[in-house]
Amino acid sequence: MSGPNVAKEPGPQGEESPVAHSPSPDEKKKREYKDFGHDEEKPTHANVDMSLIELKAEDLYDKEKVDLETIVIEDVFKLLQCDENGLGDEEAQRRIELFGPNKLEQEEQNPFLQFLSFMWNPLSWVMEGAALVAIVLSNGNNQPPDWEDFIGIVLLLFINSAIGFYEERNAGNAVKALMDSLAPKAKVKRNGTWLEIESSGLVPGDMISFKIGDIVPADCRLTEAINVSIDQAALTGESLPQSKKLGDQCFSGSTCKQGEAEGVVISTGANTFFGRAASLVGQDDDTTGHLQKILAQIGSFCLVSIGIFVIAEILVLYAGFRYSYRRGLNNILVLLIGGIPIAMPTVLSVTLAVGAQQLAKHKAIVTRITAIEELAGVTILCSDKTGTLTTNKLTIDRATIRTYGPFSADDVMLLAAYASRTENQDAIDSAVVQALGEVSRARAGIKLLDFKPFNPVDKRTEITYREESSGKLKRVTKGMTGIIIELCSRNKTEELENRLEADVEEFATRGLRALAVAYEELDGQDPEGEGNGFELIGLLAIFDPPREDTKQTIDDALALGVKVKMVTGDQLAIAKETGRRLGLGDHMYPAKVLKDGPAPGSKHLSLDEMILDADGFAGVFPEHKYEIVKRLQGLGHLCAMTGDGANDAPALSRANVGIAVEGATDAARGAADIVLTEPGLSTIVHAIRGSRVIFQRMRNYSIYACAVTIRIVVCFAILAFAFKFDFPPFMVLIIALLNDGTIMTLSVDRVLPSMTPDSWDLAEIFSYAVAYGIYLTASTVALVAIIMKTTFFYDKFGVTFNGRASPNGANDYQLHMIVYLQVAIISQALIFVTRSHGFFFMERPSVALLAAFCIAQLVSSIIAAYANFGFTQIQAISGGWIGIVWVWNLVWFAPLDWIKFAMKATVIKRLRERHEAAQAEQAITGVPITRTQSRAASIHESLYSNRVSFIRRAARKVGFGSKITMKPEELQRFSSIQAQRTGATLARNPSRTAA
């Protein structure tokens with residue numbers, strides 16, 4: 001078994017003796033202290049004739065033949081047709097034309113088309129059709145066009161589009177963020193001379209140079225490396241900076257933490273590791289959002305309801321009653337205007353926008369507001385480890401310090417700090433010194449005489465110092481276990497080595513990196529003199545510790561019904577140890593299982609089952625994270641993904657909800673839907689609870705909107721059929737405007753969040769809507785029937801119609817006004833029933849909702865008392881009639897709660913039992929089903945999508961914007977295949993100056 005070390009290089013392989021003989025026990029012991037982790041790939045030669053540069057494309061794509069990451073550097077130069085003197089200006093320009101600039105493309109949306117796209121869905125189409133009917137088709141029977149209705153409809157449409165357009169234009173662009181985080185400048189050798197250029201001007205074959213603090217401007221192979229350490233955590237998720245030597249690859253976008261390097265560029269722009277992440281971010285532009293699927297099905301419900309009764313009216317009014325063209329059209333307009341919940345996207349947008357402001361108070365910035373609705377239904381949270389669950393800051397685990405001599409753990413800690421730099425520290429020196437608590441102790445009481453910093457050859461640090469209290473010279477070294485134990489000559493016994501080996505192996509299985517410490521004293525006063533021999537005194541464990549609040553956050557998430565999975569680029573042992581410390585579990589797998597599938601004979605029958613059951617995955621690349629999220633979504637789950645690095649961007653984009661944690665890169669923020677501005681994940685729990693509150697508000701509105709559709713369409717169709725009642729379309733617009741004004745306040749209503757993930761059970765919503773709608777229809781039809789067929793109200797209350805006991809026919813202007821007031825009052829009052837789970841008076845609404853309702857009813861009553869709009873066939877009614885309508889509505893409102901309880905006890909109960917039975921069947925058969933009906937395919941879903949498809953088609957037709965080409969191999973694991981394309985292109989386009 002291999003043990004850990006703290007060095008950034010893979011461990012030594014054991015050195016061959018000059019004389020051939022069997023390895024001694026000491027040599028065996030030395031070889032066993034190899035660093036755990038990724039196997040070191042040895043350089044290979046390309047399995048092709050490198051004298052023939054014109055390689056075939058199929059050869060270049062065959063990793064068995066050529067791999068620019070692992071072939072020796074000499075073959076890389078041959079394949080890329082370059083040398084260490086760099087390219088000439090002419091050749092560099094030619095390659096710019098071949099490979100394009102070293103930056104990511106960005107597609108700009110045309111603002112005008114983007115605005116128009118908000119009117120591109122069936123709900124809007126019906127209203128647009130109604131507007132055309134009002135202005136074009138209504139121009140008949142010697143009557144002018146219906147300008148009032150036309151203006152009112154267009155105003156509603158523009159308000160809705162303007163709100164949506166404003167919100168979407170403010171959303172961040174993920175590809176732009178990725179592009180901006182590329183290194184802006186690069187040092188390159190052209191014509192044998194070093195100069196600084198824009199990094200976008202780099203091409204494959206260029207010689208580049210970078211030093212400590214620089215961002216690597218393109219993927220390259222190192223031709224010179226002096227003590228180089230590269231931080232690529234933001235790309236690969238590895239928590240430790242990686243030492244690089246001659247021939248190693250460095251990724252674009254990673255940061256040089258130590259040393260200086262020169263290298264040859266092997267891939268640029270979209271072909272780099274960094275570019276791959278950018279390509280994946282934009283890959284799902286044509287998918288349909290979850291909220292759009294819900295809108296599609298609610299819209300379909302409303303459209304079908306309206307369509308049935310419009311057809312019925314056309315048949316009955318024209319064929320049966322022989323209505324004139326204009327009279328029948330006005331009746332149809334009433335159904336079109338009143339039945340379509342045109343404000344639904346706007347109301348939901350305002351609800352989400354207000355929710356986003358509330359989440360901002362918890363330090364969560366929402367960049368895509370529809371993600372709030374999806375967060376409420378999230379069942380699985382896929383979390384990156386480095387910097388998300390952990391601090392991304394190396395720490396000494398003081399509880400696991402091992403001692404081997406007379407020194408205590410505190411003594412070992414102090415001596416290790418002596419052997420560390422206090423300035424210009426690398427990550428390990430910083431961790432050791434910080435572990436003391438007081439940094440000044442690392443040099444207190446001693447005089448520094450000589451210090452040897454870490455380097456990839458010796459793999460250790462060493463200090464020689466004078467102890468001020470005794471005047472004695474002493475020496476301490478710390479470093480890789482195998483190196484340190486070889487130095488120890490004093491008190492080294494087989495028992496000690498066995499203990500050390502056992503401790504190193506224990507650390508390795510727990511994912512801890514080991515740092516050995518040794519000590520010796522010098523006899524004289526010569527700092528360079530020989531000591532009395534190093535003695536092993538201790539072993540330190542280095543790890544990336546979990547954030548303080550992470551465990552509580554995970555427990556809270558589990559309590560809310562959300563399962564947490566760790567998905568990290570770090571090593572499997574480290575992932576398991578982190579999982580144990582956080583209570584996540586250690587049932588984790590290496591990334592290779594995503595390609596190979598479950599092992600034969602394992603308990604998992606399929607890869608999907610394994611992914612669902614796992615606590616996490618380790619050693620993953622961007623495509624792996626993307627694939628995990630995609631498969632979980634395919635199983636019917638809504639997934640949230642947290643992360644902080646550019647390597648997380650593809651999965652953040654693919655997930656239903658992408659969450660960039662505090663300190664995340666621009667790339668991660670750009671791809672995410674929610675950006676946290678406080679450390680850790682605790683904000684996510686607040687966000688989940690907050691999103692469920694917002695979800696309840698949207699569900700309440702959806703029931704209300706569908707019920708009002710049924711109520712308007714069925715009610716006015718029946719009145720037309722039964723009494724030839726012609727309600728004026730303009731008054732339906734007034735009802736819609738007042739309703740929407742009140743309903744907007746639902747965005748701040750008081751509701752209780754669910755303790756389980758929310759889902760849109762549309763069958764329940766539609767069932768409630770039909771029940772409420774038919775009941776409210778009965779309240780209006782009964783009132784009109786009593787007025788038309790009897791003189792009950794005149795006899796009891798003395799109210800009249802312009803002095804008459806009964807109305808002057810079904811289309812008496814005052815009767816229109818009575819019906820308007822009755823419909824306006826009780827329709828709005830319905831919201832108090834839909835927003836509550838018990839009796840409406842048991843759950844106090846927000847002050848804003850109550851105030852808006854009262855204002856709307858006051859306006860409705862004032863209109864009823866004073867409005868004499870001749871153009872829309874209404875006339876003011878007396879206070880007596882207004883009072884009668886109010887009392888009538890109160891009488892009919894009281895039983896609404898009982899209808900709700902009756903529905904729960906019958907229809908809703910049956911629906912839930914059927915849903916639970918389907919879930920139980922899934923558990924038995926293992927066959928995945930969609931988690932809610934909302935995820936079923938709908939022929940209208942694409943029409944409610946994020947409008948990207950529409951914008952792109954329209955833009956191409958009229959010449960706006962440019963097309964982005966997606967590579968067919970984009971979902972393959974990132975490998976040198978992108979870089980190999982460089983050689984293929986150069987082979988197809990040989991330089992005119994090439995020999």
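Cβ coordinates come from backbone N, Cα and C, glycine included.
TrEMBL does not curate its annotations; it predicts them automatically.
The feature compositional bias 'Basic and acidic residues' is assigned by TrEMBL to 24-44. Residues or ranges marked as domain 'Cation-transporting P-type ATPase N-terminal' in TrEMBL: 67-139. Here TrEMBL flags 1-45 as region 'Disordered'. Taken from TrEMBL, the feature transmembrane segment covers 298-320, 332-354, 701-723, 729-748, 769-793, 813-834, 846-867, 873-894.
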Stretch-level contact, the transmembrane segment (846-867) and the transmembrane segment (729-748), CB cutoff 8 A, at least 3 pairs: yes
Result, the transmembrane segment (332-354) in contact with the transmembrane segment (873-894) (3+ CB pairs under 8 Å): no
Among the ranges 298-320, 701-723, 813-834, the one whose Cβ pairs under 8 Å to the transmembrane segment (729-748) are most numerous: 813-834
Top partner of the transmembrane segment (701-723) among 298-320, 769-793, 813-834 - counted as Cβ pairs under 8 Å: 769-793
Within the predicted model, mean pLDDT of the domain 'Cation-transporting P-type ATPase N-terminal' (67-139): 78
Composition by DSSP (helix, strand, coil) of residues within the domain 'Cation-transporting P-type ATPase N-terminal' (67-139): 41 helix, 2 strand, 30 coil
